[in-house]
Structure formats: C-alpha cells, structure tokens
Ligand code: MBD
Ligand code: FE
C-alpha cells in the first residue's frame with residue numbers, strides 16, 4: 001500500500017474502487033437469466049427513448065452524453081456513479097420484507113477483512129488522528145429480543161478530511177477500518193473519531209455532471225457498518241449525526257431517520273459518547 005502524499009484524485013480513488021469491485025463482487029453476474037436481461041434492459045432503453053422523444057434531445061446533447069459516459073469509465077467512476085444514484089432503490093427493494101434494524105446502501109468503499117478488535121477496542125488510527133473522539137456502545141439482538149453473542153460488526157468510515165483509507169492516497173492501510181465481535185450478552189464498545197462530511201471528487205466525470213446540472217456533491221458525515229450473526233440476515237447500514245446540513249439532501253439518498261445517532265459530550269470532557277443497538281432478522285426459511 002502506497003503512502004505517498006499526492007492530492008486525492010477522482011481517477012486514483014475511482015481506479016481503486018473499480019479494482020475492488022472486480023475482485024469481490026463480480027461472481028453473481030453471469031447467473032442473471034436471459035429473460036431478466038431481456039426484460040430489464042428493454043424497459044430501461046424504452047425509458048431512455050421516451051425521454052429523448054419527450055424532450056426532443058439533440059445530437060449535441062446525445063454526444064455530450066456519449067463523451068460523459070466514456071469519461072465515467074476512464075475515471076473508474078462506475079462504482080461511484082451507481083452507488084450514489086442507483087443503489088438506494090436496490091437496497092429498498094432488497095430489504096422491504098425485513099424486520100429489525102433499517103439498513104442503507106454499502107457504497108463503493110467497503111473492504112472485507114479489516115483487523116479484528118474483539119468486543120471492546122479502538123479502530124486502527126494514526127498518531128494524533130484528527131477529529132472528535134467518539135466512544136460508541138451498543139448491543140446486538142435478534143428480533144425476538146435475545147442477545148446475539150457471536151455477532152460481528154465491521155466498521156469503516158472516512159477521516160476528518162472526508163477521505164477513506166485504501167482509496168485515497170497517503171493513508172495507512174486499514175486506517176479507520178476494523179472488525180468487532182460481541183460479548184456473550186451481545187454488547188460491544190467501539191472507540192473511533194467522528195468522520196467529516198464527504199464530497200464526491202470534483203475532478204472526475206461524476207463531479208462534472210454535478211457541476212453541469214447545478215447540484216451539490218455532498219454526503220453527510222457517516223459511519224458504515226456491516227453486522228452479521230449466525231442464522232441472521234446480514235445488515236448493511238450507515239449511521240449519521242444529528243444536525244448535519246446534508247442529512248436532508250444527501251446526494252446518495254441514503255439517510256433514514258432511524259439511522260441518525262444521538263451523541264452526548266463525554267463525561268471526561270474529551271469527545272463524545274453514543275449508544276446505538278442493532279436488531280437482526282433471522283434468515284427466512
Ligand atoms: C461514500 O462515502 C459513500 O458512502 C457513498 C454511498 C458514495 C460515495 C462516497
Ligand atoms: Fe461512505
């Protein structure tokens with residue numbers, strides 16, 4: 001892992017996100033039945049055709065689209081584009097049956113296999129890691145209220161500058177990424193720092209689209225988690241902070257009221273404490 005001090009660029013983090021996706025997530029793709037490919041691609045294309053007719057799209061606009069799509073690939077920003085503007089509806093459909101904790105999108109920056117920290121501990125951090133210290137205690141239970149003592153909580157988040165290790169340059173591998181487990185009573189306690197709001201890279205194709213459309217590029221500050229336990233559906237979620245100005249207009253449409261934390265000033269005056277529990281749904285038979 002390189003620890004150069006180049007400025008983060010869209011092309012660098014995009015290339016890393018694209019490689020990560022190719023190595024972890026492409027196994028299910030060939031299994032899509034041809035009836036589904038036919039149905040889904042046909043209907044998406046029909047929606048594109050209808051938009052062109054309705055708005056009398058010109059050749060200039062068609063060529064602008066073509067050149068932009070080429071740029072998304074060149075900048076490695078397909079994972080970013082899809083996770084920001086499409087994944088939230090896939091997540092909604094995939095979890096509509098589910099009881100227990102609300103989830104939300106995974107986004108492009110998850111890496112499996114983060115270092116184990118047991119039930120109580122701190123995420124890997126640099127000396128003097130910037131940001132408000134945060135101690136989070138919680139408990140994992142099943143929908144019937146029973147404690148889940150063999151749960152695992154994978155946590156990953158941006159640093160106080162909004163940058164993710166393994167994707168932005170110059171950050172040690174696994175910084176602000178860890179895997180926790182629960183005690184027999186389902187409890188855990190995680191020490192980390194508050195992340196900053198995240199801005200989509202402005203120098204890549206997604207940034208150009210945002211500027212051309214007059215949108216903003218922000219996600220509110222968030223902690224990503226994946227919570228798993230034997231016999232239960234894995235929960236992918238993000239936790240947010242109250243009062244963040246982008247909780248109401250997240251560019252990735254991934255905020256839900258159930259996922260907003262309520263941190264309090266720590267008793268020792270240094271940083272904050274927060275309590276947040278997870279309820280997992282048993283796997284359906
Ligand atoms: C992120 O950090 C993120 O969580 C999502 C969903 C998209 C872009 C950056
Ligand atoms: Fe994120």
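Backbone N, Cα and C define each Cβ position, glycine as well.
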Which residue range, 97-122, 123-148, 149-174, is the one TrEMBL calls region 'Disordered'? 97-122
Long-range Cβ neighbours of the compositional bias 'Low complexity' (7-17) (under 8 Å; 6 or more residues past either end): 74-77, 79-80, 108-109, 163-164, 166-169, 201-207
